[in-house]
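Features as listed in TrEMBL:
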type	residues	note
DOMAIN	120-371	domain 'TRPM SLOG'
DOMAIN	445-519	domain 'TRPM-like'
DOMAIN	539-627	domain 'TRPM-like'
TRANSMEM	682-708	transmembrane segment
DOMAIN	694-940	domain 'Ion transport'
TRANSMEM	752-772	transmembrane segment
TRANSMEM	815-836	transmembrane segment
TRANSMEM	904-926	transmembrane segment
REGION	1019-1053	region 'Disordered'
Amino acid sequence: MLNQWRNVGGGQRGLGDPDLPSLVFPSRFGEIVLRMRLVLKTSRSTCIRIRFKERSCPREIADGMVVCECGYTHEQHLEEATWPCAFQGKEWDPKKHVQEMPTDAFGDIAFMGLGQKVGKYVRLSQDTPSSVIYHLITQHWGLDVPNLLISVTGGAKDFNMKPRLKNVFRRGLVKVAQTTGAWIITGGTHTGVMKQVGEAVRDFSLSSSYNEGEVVTIGIATWGTLHNREGLIHPTGGFPAEYIVDEDGQGHLTCLDSNHSHFILVDDGTHGRYGVEIPLRTKLEKFISEQTKERGGVAIKIPIVCVVLEGGPGTLHTIYNAITNGTPCVIVEGSGRVADVIAQVAGLPISEITISLIQQKLSMFFQEMFETFTEGRIVEWTKKVRQAGASVFRHEPAADPDRSPLTNVVFPAASRSHDHFGHENWDHQLKLAVAWNRVDIARSEIFTDERQWKPSELHPMMTAALISNKPEFVKLFLEHGVRLKELVTWDSLLYLYKNLDPSCLFHCKLQKVLAEEPELSGVPRAGPSRSSLAFPEPQSQDCIAAALACTKILKELSKEEQDTDSSEEMLALADEYEHRAIGVFTECYRKDEERAQKLLIRVSEAWGKTTCLQLALEAKDMKFVSHGGIQAFLTKVWWGHLCVDNGLWRVILCMLAFPLLYTDLTSFRLQAVRGLPRIRAFFTAPVVIFHLNILWYFVFLCLFAYVLMVDFQTTPSCCEYLLYFWLFSLVCEELRQVKTVFMYFSDFWNKLDIAAILLFIAGLTCRLIPALLYSGRVILSLDFIMFCLRLMHIFTISKTLGPKIIIMKRMMKDVFFFLFLLAVWVVSFGVAKQAILIHNESRVDWIFRGVVYQSYLTIFGEIPAYIDGVNFSLDHCSPNGTDPYKPKCPESDATRQAPAFPQWLTVILLCLYLLFANILLLNLLIAMFNYTFQQVQEHTDQIWKFQRHDLIEEYHSRPPAPPPFILLSHLHLFIRRVVLKIPAKRHKQLKNKLEKNEEAALLAWEIYLKENYLQNQQCQRTQRPEQKIQDISNKYGSRDSPLREMPLPPAVP
């Protein structure tokens, strides 16, 4: 049989199953996979057939009868139908005369002509337990447990609604369902209110993106009233069953609505009888509303709301039963008939709802049917309307575009679906708002003056918001007093990590920690996956530091994120936080420059005893560091006690002749500084230390060059010993700079320093060994190049040369990747040329010259002389390859002294090589350089200002004396730290610990200006023309504008 399911060339699917791909299974493995999938599907089908039953009438129709009391004809009865003897002569009873058997209609349903829309369906008996149906929905169909159950009822026949109300209702209903994660339950057919709901879902699916999710709509209909239901019958399940919507030929039956996603078809064994599904639907809705959904340690019972549109007497009975059972109802005013009758009298006292008033309303909304209403029926209606304490939805323009007007009615109604009073009712409403992720509802309906929340009461909700990744609620709870210090304990952290989604990036990072520290246990392990992250606003104070910390966290997490979209979202959010930090700092700097600079270097206890400036540097927030206020502060640090308006030539003159300091050639910020303190203030300024080091570094390079070229003797000379002593002082300074190994080697220039020092040590070792004297000189000569390259770091302080050095460093990366492409052409041409011209060259050095060296020089115009016969001469080569100073001769005719290799081929190869290497690859390299230059040039000022800090900080903490005199400073430092054990003093210019009172006043000032900044930003947004247009659009709505309901003026002839 398996061979019949194979597709050898026809492109058919096995067993009509769309889940099985159209593949050829040529191997035994393919057969095993197919069998396993078939067994799995068969087991599911068998389970459904066992648990769910259908109903059929087994009666044999008597002579003269065309249709049985069940509504089916003789042909529609079962073939084995017989009338049991026990029932002969008795009146037909659906409870007794109908038998149950395994269902034959279930699986997937596809509506013909509607593309790829596929739903789920099942035919079941009217006596099926609600628990079994709920298990089918959540387990077999895989639907998540809802946060809300919306039961829509009303007119079963088509009715007209005003276009404005129709649009508002459709969008409002779907918005509520989509944002709250609700299930919508209707009658499931393509008529009346069910059709309205289906079209609302259809419009949403057409206009929404994939990320917004699917709206779950469950239709509960009567099996016996469905038109074309024969297409749904498949004894082993339809995967999918094809259903045709035929409204023209349905007669008194109905068709299923194609816009519903799931169908429960209730069967009582009859045909053409409506309302069979109502008892089962009522029980199922009540059962679902009694279930509890738990998320993040917060459990809520699933609320239920009954939404009513239009409707007749049966709808009023449904509303009455719902209110009696504690189910809140929402009446849509303007939809017609019963809904309008109730809406008209909803706000009146019970004493004013009289029989005459109801009679008046009925005559208004039931014009044609009013004459059929008896007096007793009107009295009954009046009693039910009095007790129908339902909420009424009246359309009003929404001020908030993200909040549907229907939400204003549904949320209060849903919060009353269970018995909660006083404090419990507020808690229940907050749980619903968190479960629905509707922070707008929480702000407007819950956090009001009527209820004052204690921070400890919000801790469970805060935990739930963290676990379910709802940053807006986290922000809301922080605004209302939740303190992270009180919330976050070891137990609460462990609980949070235990309940995190395994796909969360934090969960993934936790697994790395657990892998490194196995002693930590109690947290489940999981693999990495996609996550969605957001961070709250700074809670109360230290807002600039908090925003900069968030940028650092987000940038680090973006490196761990595998999903590109999520990584880009994190980087965009990091840019937003950096922008806010810049805005607040700008506001502070405008008010008071000195206090703003204090904020930069204030030690923050909340963020690991670091500073705002250090956080910005670690996060690589170049825009923040390049801010004018921060650059002004760095410039002040760079000049130390000197005034920043001193000319550089004045500083150099005073360096060369320090007695000039006693004149007015240079100015100090503190004019009272005189005598020895004046000299000390001058030579401890970072700008002076920097230029002294440059001066003496040039002396060091000159001494190094002199030793290498003039005074490199067998035994070291005095100049050479001085060079060694100088290098020793450089080594001591590098050791002083090492605080942590990781931070030290994260700087490129430190790596270059270590490489130069190690190469010097290697050269010195070889130089001291007589046999390796020349090798030592060669190594030291190469080392001299590295020490010269170190000058580029010194020039980064220059505003002219600094950006160019940055561009050159970026271009070096381009060259590195370009060499891979160039190597392919060089090696391929070199090997081919060498193999064609020369036979069996055994000398490795000459092979390298022929393959790589000569091929590389060819790019720059040095064409090999023997590539063709024009310049061919055997005098410049060795015939047998025995001369170590000559290459081996090419293939040649010894008698005629002429080349024997194919000259036409070597010339063609050379031309192609030059075409691709010279024209294509070199121009590609130029284009890469140009792109890098353009890319860096746009931000070169920011990059230079950012890297300028490193040089300023280095020379700010550097001893005043330059090498080799710096050894005296190192000796002094050694005596203070090691011998006398005097602790180091903090450099207050870059890191300052404030007193508590001063710090509190500074942070209060920062908070005040932060609020000013946010208010200014809000005012600017509201004043923008785009925002004004958006506000007007949100208020009136282009689709819901009253202009659409106004009649057009008559045409002018």
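Glycine too: its Cβ is placed from the backbone N, Cα and C atoms.
Those TrEMBL annotations? Automatic predictions, nothing curated.
Averaged across the domain 'TRPM-like' (445-519), the predicted model reaches a pLDDT of 78. Residues of the same chain lying 6 or more positions beyond the ends of the transmembrane segment (752-772) and with a Cβ under 8 Å from any Cβ of it are 714, 724, 727, 730-731, 734, 745, 778-780, 782-783, 786-787, 789-790, 793. In terms of DSSP secondary structure, the domain 'TRPM-like' (445-519) contains 49 helix, 0 strand, 26 coil. Across the domain 'TRPM-like' (539-627), DSSP helix (H, G, I), strand (E, B) and coil residues number 69 helix, 3 strand, 17 coil.
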